[in-house]
Every structure is written in structure tokens, then in C-alpha cells.
Amino acid sequence: MSSTTSTASLPSGLAVLTTFPDVLFIPEIIFGGLVWILVASSKVLLPILQGWVMFVSVFCFIMSITLLCLYICGAHGGSSSWVTLDVICQETAAVLYLSAAVLEAYFTLWSANHMIMSVYQENTAAVVFAFLATLVYMIHKVYSLLRWKSS
């Protein structure tokens with residue numbers, strides 16, 4: 001009985017792109033890619049802080065694309081353990097992105113007087129997109145937890 005419940009709660013194929021919260025993979029990938037691009041193109045004054053932001057954005061980008069591809073391929077096969085995996089991945093990404101967004105915001109604010117205006121604007125855009133990615137991952141996490149609880 002639980003396998004039929006988990007099959008209904010985890011879509012396969014292109015239905016992934018039309019069901020909530022799985023459709024949130026798209027903005028996660030877009031916002032994460034933008035953070036990755038903006039941090040990679042900006043001048044690095046504190047490599048350790050921006051290195052962490054870069055690690056988080058690349059890790060979450062790859063994780064989201066991998067999960068999306070596995071869901072589209074139907075690799076979950078109706079197993080309820082995939083619902084748990086989804087919760088763990090979304091929770092991890094939300095916590096990592098929150099830490100990265102706060103560090104990037106701190107770095108941008110701290111170095112506002114030491115940067116060229118274009119570099120400051122790139123870092124500010126990275127902060128905005130990092131917080132947007134955090135918000136999307138948190139929403140996805142909450143709905144994944146609700147799906148896990150009902151499965």
C-alpha cells in the first residue's frame with residue numbers, strides 16, 4: 001500500500017515539470033546558476049567566503065539537476081525511500097544556501113567601500129539570487145516534508 005502512495009506522490013517523466021513541489025527544481029537551478037555565474041565573475045577579496053558560496057552553488061546546482069533527471073527518468077520506481085531522499089536533499093540545500101547567502105551578504109556589505117561599483121553590483125546581485133535560491137529551497141523542503149509525512 002505504501003508503494004502505491006509513494007508512486008502517486010513522486011511523479012515520473014514530464015509530469016515532474018507540472019507537479020508541485022517538483023516544479024521548483026527549475027527556479028532552484030536558475031537561481032543557483034545565477035549565483036554561481038555572478039560569484040565566479042566577481043573579484044575575490046576574501047577567497048574563503050566566496051569559495052564557500054561557490055561550493056554551495058555548484059553542489060546544489062548539480063544536486064538539483066541530478067534529482068530532476070532521475071525523477072524524469074523514473075529512477076525512483078515507486079520506492080518510498082526516494083521521498084526521504086528528497087527531504088534530505090532539500091533540507092541540506094536550504095541550510096547550505098542560507099549559510100552561503102548570509103556570508104555573501106556580509107562580504108558584500110563589509111567590502112562595499114573597497115570595491116569598484118561594477119564588482120559591488122555583481123556581488124549584490126549574487127546576494128539577491130542566493131536569498132531567492134534559499135527561499136525556493138525552503139519552500140521545496142516544507143512541501144517535501146509534507147509529502148514525506150503523508151507517504
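Using the three backbone atoms N, Cα and C, a Cβ is placed for every residue, glycine included.
Away from its own ends, the transmembrane segment (12-39) comes close to residues 50, 53-54, 57-58, 60-61, 64-65, 67-68, 71-74, 76, 93, 97, 100, 104, 122-123, 125-126, 129-130, 132-133, 136-137, 139-140, 143-144, 147 of its chain (Cβ-Cβ under 8 Å, at least six residues beyond either end). The annotation transmembrane segment is assigned in TrEMBL to 12-39 (among others).
Under the heading domain 'MARVEL', TrEMBL lists 16-149.
Annotated transmembrane segment per TrEMBL: 51-73 (among others), in sequence order. Listed by sequence, the residues of this chain that lie at least six past the ends of the transmembrane segment (51-73) yet keep a Cβ under 8 A from its Cβ atoms are 10-14, 16-17, 22, 25, 28-29, 32-33, 35-36, 39-40, 86, 89, 93, 96-97, 99-100, 103-104, 126, 130, 133, 137.
For the transmembrane segment (94-112), same-chain residues at least 6 beyond its ends with a Cβ under 8 Å from one of its own Cβ atoms are 32, 35, 39, 45-46, 49-50, 52-53, 56-57, 59-60, 120, 123-124, 126-127, 130-131, 133-134, 137-138, 140-141. The transmembrane segment annotation in TrEMBL covers 94-112 (among others).
According to TrEMBL, the feature transmembrane segment maps to 124-146 (among others).
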